[in-house]
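These features come from TrEMBL:
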- 33-56: transmembrane segment (TRANSMEM)
- 49-298: domain 'G-protein coupled receptors family 1 profile' (DOMAIN)
- 68-86: transmembrane segment (TRANSMEM)
- 106-128: transmembrane segment (TRANSMEM)
- 148-172: transmembrane segment (TRANSMEM)
- 205-229: transmembrane segment (TRANSMEM)
- 250-269: transmembrane segment (TRANSMEM)
- 281-300: transmembrane segment (TRANSMEM)
Amino acid sequence: FLQGFSSIKQDVNKTTVEEFILIAFSDLRQLQLLLFFLVLIAYIICVTGNITIIVLVRTEPLLQTPMYFFISTFAVLEIMFVTDAIPKLLDNLISGNKRISFIECFTQMFVFNGLGATECYMLLVMAFDRNLAINNPLQYSAFMRKEIYSLLAVAPWIGGFAASSVTTGFIAQLNFCGPNQINHFICDLAPLQMLSCSDPSMSKLVSILTAIFASIFSVLIIMSFYIHIIKAILKIKGAEGKQKAFSTCSSHLVVTSLFFGAVLVVYIIPTGRESTQFNKFLALVYTVLTPLLNPFIYTLRNKDVKSAIKKVKSLLTHFLVVFSSCKQIN
């Protein structure tokens, strides 16, 4: 990471490009204000929803389990993910400030791709957790001690940012002498590689290999876990038992499908300049829409979380009643 950023500083001195222009959705013109409010509302709901999940998991004894620990860690990841990309997009849409400095651009790209890869690995860890819980329920508690699931929660962050350091380091070696207009709302790998004045072949190869390892590798293992899970569920006697077992992993399956579906199209399938516009809109799916839906997916389909929310509501109602009574007495 440090070597990559030292390379960036060296390249700044060698290149005429000192800043980039994020075109974002300038072609929409009159719709930009509407898009601003939609993205702003989505961002607020996303952050609020994920913070709610974190608070519930930390305060509700019923949710003090490895599964909910991973869900709360995933919620922290989602907040950081949207915060890295959305504020700059909102500024772009409302003020027309499309400029981003060279270092800011590479920093955003490093963090964005690091968090994206971390999310891939975190979904893999969560699938492993559900597979272990359903296929080995008797050994689950003994294996999933606090130090073990804490380590499993930290490992994706290390792997994700290590992968991002590699891709950022290779792109930092490229020369940028103009043009400097990025047809995207964030600084990302492919748009920057297209602007390079030097040969980006090696950088593209490393980016694709890193993306394949982070996404396809994770998808294949997650699929194997779910095949194992489905086989175990089918062996359970009684519809109620099957439904209960599947409900513990259905939310994760939905989130995984939404996230990887968009990521595979953007980062794995070869694309040209003509598909950049499509990828830009598709990026909104995993940057805004998926993080927005995740809190609702985990709460609306999860009885334990809904029960915890009801408890919090009742406590807040009781507090408001007591506060109102005290106010009337005074």
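Here the Cβ of each residue, glycine as well, is placed from N, Cα and C on the backbone.
TrEMBL labels come from automatic prediction, so no person has curated them.
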Maximum Cβ pairs under 8 Å to the transmembrane segment (250-269) - stretch from the list 33-56, 68-86, 148-172, 205-229, 281-300: 281-300
PLDDT averaged over the residues of the domain 'G-protein coupled receptors family 1 profile' (49-298): 85
